[in-house]
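**Student:** Dumping what Swiss-Prot says about this protein:
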- Cys23-Cys34: disulfide bond (DISULFID)
- Cys28-Cys43: disulfide bond (DISULFID)
- Cys202-Cys211: disulfide bond (DISULFID)
- Cys223-Cys238: disulfide bond (DISULFID)
- Cys240-Cys249: disulfide bond (DISULFID)
- Cys256-Cys267: disulfide bond (DISULFID)
- Cys294-Cys305: disulfide bond (DISULFID)
- Cys299-Cys314: disulfide bond (DISULFID)
- Cys316-Cys325: disulfide bond (DISULFID)
- Cys337-Cys352: disulfide bond (DISULFID)
- Cys375-Cys390: disulfide bond (DISULFID)
- Cys445-Cys521: disulfide bond (DISULFID)
- 252-288: domain 'EGF-like 4' (DOMAIN)
- 290-326: domain 'EGF-like 5' (DOMAIN)
- 328-364: domain 'EGF-like 6' (DOMAIN)
- 404-440: domain 'EGF-like 8' (DOMAIN)
- Asn30: N-linked glycosylation site (CARBOHYD)
- Asn136: N-linked glycosylation site (CARBOHYD)
- Asn357: N-linked glycosylation site (CARBOHYD)
- 1-17: signal peptide (SIGNAL)
Amino acid sequence: MKVSLLAVLLLSIVAATYGQGECGSNPCENGSVCRDGEGTYICECQMGYDGQNCDRFTGANCGYNIFESTGVIESPNYPANYNNRADCLYLVRIKGARVITFTIEDFATEIFKDAVEYGVGPVADFNQALATFEGNLTANNQVPPPFSVQGEQAWFIFSTDRNIPRKGFRITFSSDGDDCTPNPCLNGATCVDQVNDYQCICAPGFTGDNCETDIDECASAPCRNGGACVDQVNGYTCNCIPGFNGVNCENNINECASIPCLNGGICVDGINQFACTCLPGYTGILCETDINECASSPCQNGGSCTDAVNRYTCDCRAGFTGSNCETNINECASSPCLNGGSCLDGVDGYVCQCLPNYTGTHCEISLDACASLPCQNGGVCTNVGGDYVCECLPGYTGINCEIDINECASLPCQNGGECINGIAMYICQCRQGYAGVNCEEVGFCDLEGVWFNECNDQITIIKTSTGMMLGDHMTFTERELGVAAPTVMVGYPSNNYDFPSFGITVVRDNGRTTTSWTGQCHLCDGQEVLYTTWIESSMVSTCEEIKRANKVGQDKWTRYEQSFAPQPDA
């Protein structure tokens, strides 16, 4: 088999650049495969893992992952009955997909017991499910129409109890990506994406499915009078033979059209030539020669004469003016001498005779430089030769002591204290609970503000004038996604204590879960810390599930994000 030099070169380029894309840093974990995209990547996880980088162990005991553009999702053993106590996870990840459409072809599960939930994104979380399906939908003619999700990633969770298994479900899917990436259209064409197809809208001058063909505008022989046609993009150019011009060489050239005759001369056109009839006062082939009126040397006092048509202009030397440069200019007319100095006029110049204690070309320099009191803000002026030096009071700087030194520039106030600049001093206005010249002394623990626990969940506490504490709560996942379930937080602290105890309750998802924290605010190694005990209560549907409805645990909250501890759901 023969391999072209171009193919070898392309393979070399691919080999040299492989691994320099988004997958170059090997972001995918736990044996997953990284698929590079334009500015992004997608991880094809091994069974039992999900998350953007396949870094989250799901604990699923059935299901599978699909990475093709079309496929089928079926319950275990389908069409035979599925197993009891199944906990299945199906990941659908299709690189480059913009829309994934799912069609339920068959569905039969035990209603209120065995449910299928689906959602989008890298993490399968039933709290983020878009819909839930359960029951014998096929037999009851309740199969929903096809539904679609945006993006490259979707997930399905199927869980069963220990009673009455059924045959389960069969769901097919297909995806539509961006068929315009990479752009197949050539020569500046615009690509319009369609469903698993594209259309090229060609730039003027091109045709073909991919606009690969340049239209030959010379095919119609547009050039006349022997002109040679040169094809261009969306146009053509005619190279005319001598004597003709125009877009199509349709015009006989008029040699007088460029108005070659100067100074009002009249042009008479000929064949490839012309002749000029000159006005009086001009001569030459193009009437280019003017009669010289400067021949009589009319300009005086060394002025330079410039000839014009039937006239002349004198360019006078410095110090003279007039039509023929006959007048000496009086440079003292503008009174240039300052501070009472006398002006003596000369030729193109003047001399100032200064009064005592003044000097300079215009008598502008006072020999007593401190006479004008240049030093500001109490600075002391000292004459130094013809200049002065200002000795500034403490707190000021600058040539004239005009700058107030900002003692707050070094940010001396600690722990959020506000710095107020003074003259050669500063004052720190400390936040409540802090003292000292620089607010360096901590006196108590303040509940108000933002706190982070070991999982980097976040609570924000606001204390009202009545003593009640309000605020909100966001999980780390919600912070990462920028979307949070609606929450209501309320609580009360113990009053008039430096290290208060407190209790707060957060209601999430319109009452679906309620979490209560109790604890006390401490100062540990100079840092504010909340140590809390929590209990979480979740709404459930059955008596069996109520055994798992309550969870308890402990949290340590700090003012800064902490290193990750194990996640509760992992």
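Keep in mind that glycine also has a Cβ here, set from the backbone N, Cα and C atoms.
The structure displayed is predicted, hence computed values, not measured ones.
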**Student:** Excluding the flanking five residues on each side, which residues at least 6 beyond the ends of the domain 'EGF-like 6' (328-364) place their CB within less than 8 Å of a CB in that stretch?
**Tutor:** 317-321, 386
**Student:** What three-state class does DSSP give Cys294 (disulfide bond)?
**Tutor:** helix
**Student:** Using C-alpha atoms only, work out the spacing between Cys223 (disulfide bond) and Cys337 (disulfide bond) and round it to an integer in Å.
**Tutor:** 77
**Student:** Check the Cα-Cα distances from Cys211 (disulfide bond) to the disulfide-bonded residues Cys34, Cys294, Cys325, Cys521 and tell me which is shortest.
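**Tutor:** Looking at Cα distances from Cys211 (disulfide bond), the smallest one goes to Cys34.
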**Student:** Among all the protein chains here, how many other CB atoms are within 10 A of the CB of Cys43 (disulfide bond)?
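**Tutor:** For Cys43 (disulfide bond), the count of other Cβ atoms within 10 Å is 25.
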**Student:** Measuring CA to CA, name the entry from the recorded positions Cys23, Cys314, Cys325, Asn357 that ends up nearest Cys445 (disulfide bond).
**Tutor:** Cys23
**Student:** Checking your reading of the structure: which of the disulfide-bonded residues Cys299, Cys314, Cys375 lie inside a 10 Å Cα sphere centred on Cys305 (disulfide bond)?
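**Tutor:** Passing the 10 Å Cα cut: Cys299, Cys314.
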**Student:** Across all chains shown, how many C-beta atoms besides its own are within 10 angstroms of the C-beta of Cys445 (disulfide bond)?
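**Tutor:** Total other Cβ atoms inside 10 Å, all chains included: 19.
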**Student:** Looking only at the domain 'EGF-like 6' (328-364), what are its DSSP counts of helix, strand and coil residues?
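**Tutor:** Computed counts for the domain 'EGF-like 6' (328-364) are 4 helix, 13 strand, 20 coil.
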**Student:** Would you list the DSSP helix, strand and coil counts for the residues of the domain 'EGF-like 8' (404-440)?
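**Tutor:** Helix/strand/coil tally for the domain 'EGF-like 8' (404-440): 4 helix, 11 strand, 22 coil.
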**Student:** Cys521 (disulfide bond): which of the disulfide-bonded residues Cys34, Cys294, Cys299 is the nearest Cα neighbour?
**Tutor:** Cys34
**Student:** Which of the disulfide-bonded residues Cys34, Cys202, Cys316, Cys337 has its Cα nearest to the Cα of Cys43 (disulfide bond)?
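**Tutor:** Result: the closest of the disulfide-bonded residues to Cys43 (disulfide bond) is Cys34.
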**Student:** What's the CA-CA gap between Cys337 (disulfide bond) and Cys375 (disulfide bond) in angstrom, rounded?
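**Tutor:** So the alpha carbons of Cys337 (disulfide bond) and Cys375 (disulfide bond) sit roughly 27 Å from each other.
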**Student:** Write out how many residues of the domain 'EGF-like 4' (252-288) are helix, how many strand and how many coil, based on DSSP.
**Tutor:** 0 helix, 11 strand, 26 coil
**Student:** Under a three-state reading of DSSP, tell me whether Cys23 (disulfide bond) is helix, strand or coil.
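**Tutor:** It is helical.
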**Student:** Across all the protein chains here, work out how many other Cβ atoms are within 10 Å of the Cβ of Cys23 (disulfide bond).
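**Tutor:** Total other Cβ atoms inside 10 Å, all chains included: 18.
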